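Right, one structure below, let's go through it.
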Amino acid sequence: MPLPESVGDLVVLHFETNLDDHGISIGRAPCEIHEICWVILDGKTLEKQHCESCSIREDSSRHGICGSASSLTEAIFTLDNSIQERLNFQGKPFTFVVMNGRELRVLLPKEARDQGITLPSYMRHPRLFDLSSEYAKWQIRMGAVPPYTITLSHIFGKLDVDSLPPITESKAIELSPSDAPYITKGLTQCWRLANATTLLLRKAEKDSRGHSLPSVLTQPINCQADARSFYAERSKIVHVAGLTNDVTQLELESWFTNHGVHPVALWTLKTPEPYKSTGTGFVLFASHEDAADALAFNGYCLGDRMLEIIPSSTKVLDKASDILIPFPSSKNRPRPGDWNCPMCGFSNFQRRTSCFRCSFPGPTHVSAATGSNTFSPDFPYGNSYGNGSSHFIANYGGSVHHSNENTMQSDLQHQNGNNAVNHHHSSRSFGGNVPFRAGDWKCGSEGCGYHNFAKNVCCLRCGASRATAAVVADHASGPVNGSYSHNSYSHIPPVMSTSPPNHSVYPYSQLSINSVTANHGQNFGGQNGGNVSRFDDHGRFKEVSRPSVTTDQGDWLCECGFTNFRRRSNCLRCNAPHYSNMQIPASLPSDFNAYV
């Protein structure tokens, strides 16, 4: 069955490179084209008209249909002469056939640009068939599911390419016995690719059941028409392919920004796995000029992937609008059952019954108490758990991280250091009783009432001593001195910016052990042992024995009670900064060392 007249003859093209099936360079060497091979098929009979190869080596030679050139420029010139002689001069239309369209749309233009080669117009904006896509189209038409990655070996096996004679036994090509030893691997692959094209058309013709045209290899990709439309419409949209499946919005934005263009919006396509990208997407720019400049980055690498950046249009974007979503914002992929804390937004593993960061009860506790499977708190920053929490965190200095091994320690330090998302909201604010933990205490200073963790020896808000505070006895006890009203959020600490904190935020992080000892004697971090006062589990003072503590010159004591070596500029526990010239606050208790 002949191909449509608009398709014309087929030029099966194959490049021998150091890329694997995924377009990634093998080894550390940059991508290079080692050989160009081509086979010309008649568009009406599918008979092979000509085949040739040109290897890129240091010396130039020719052995029949196999030749070599000293540079890519000479190899492209040889290919152009062959096409001009057999097709263009005779006025025959033709279409390229490649295993992967990226070879002709990305790889060849990149190599030509890097080496300063001017490609013929039909190679800069080719008309081509992507054989892997055409094969997938045929598989879907037959009711089969094509593999995620279609390789040459897969196509050759499914189409039984070896049923056709190899190049050395073909009668269509006059090959002398002396030339047979010079047949290269690349030319053999190109010949098999031409056989696969022929077999695919035959199978499609058989399956078309009387239709005038086959179902494959009828509508080529016309890069020249796409480019004309892009510049005529002054489009601001480009299509990007070749991305890794876990690329994030920030990575892609930064990549374009680093190359001098600033994208306005980026989208990828929906996938069954919500946290996984398809490796393709659309990028919208503020102006047509920026989008045109972005096309010049076609073939540039993001990591170890070579990107394909081609023109697109508003029409294409509108047709795909129903399946477009933003790129993932993070590489973390929550597993089924993981839940987001409605109070601080922290992502917790399924097994956790309370939030790892702020101890807010998990969904199992709430559902057990209310008989519901979802959170339904009267939450001022979101209507359900997992929604609106990022707004809460943005206003109160928190951050959202998945509770994996790499972020556990840093999240604990944030929890200890800034207390921006403590678990002391009132029971009425969150639809359930949120008790203090044993040892937690509420500041007794007038007008403060701040809820401090048990480790805090002084109020983190006003600096008042813990000695005058009321202490919760155990987990069963509610907030001391009553609970907060529904609209009261005065106990939320001030927002902590990312700029270096002032002395009022970390009032005790500036103290050195030796300066405290000089002002308060041996009872504070001194070298003598003895009995010191500590709070017991019921909030009462008790005398406990303390072993001798030896501190080095310059060691300093943080607000959280952690003793840091002098070399540390930030507290190891809470990350509070240390300023050696800060004065000791008057509210520092004389027995401060008892809580270290």
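Keep in mind that glycine also has a Cβ here, set from the backbone N, Cα and C atoms.
When DSSP labels each residue, the domain 'RRM' (236-314) comes out as 19 helix, 26 strand, 34 coil, counted as helix, strand and coil in that order. The feature domain 'RRM' is assigned by Swiss-Prot to 236-314, with sequence analysis given as support.
What Swiss-Prot lists as phosphoserine is Ser176 (among others), and the listing cites experimental evidence. All protein chains considered, the CB of Ser176 (phosphoserine) has 9 other CB atoms within 10 Å.
The phosphoserine annotation in Swiss-Prot covers Ser429 (among others).
Taken from Swiss-Prot, the feature zinc finger applies to 335-364 (among others). Per-residue pLDDT, averaged across the zinc finger (335-364), gives 79.
According to DSSP, the zinc finger (437-468) comprises 3 helix, 6 strand, 23 coil. Per Swiss-Prot, zinc finger is recorded for 437-468 (among others), and the stated evidence type is sequence analysis.
What Swiss-Prot lists as zinc finger is 552-580 (among others), and the listing cites sequence analysis.
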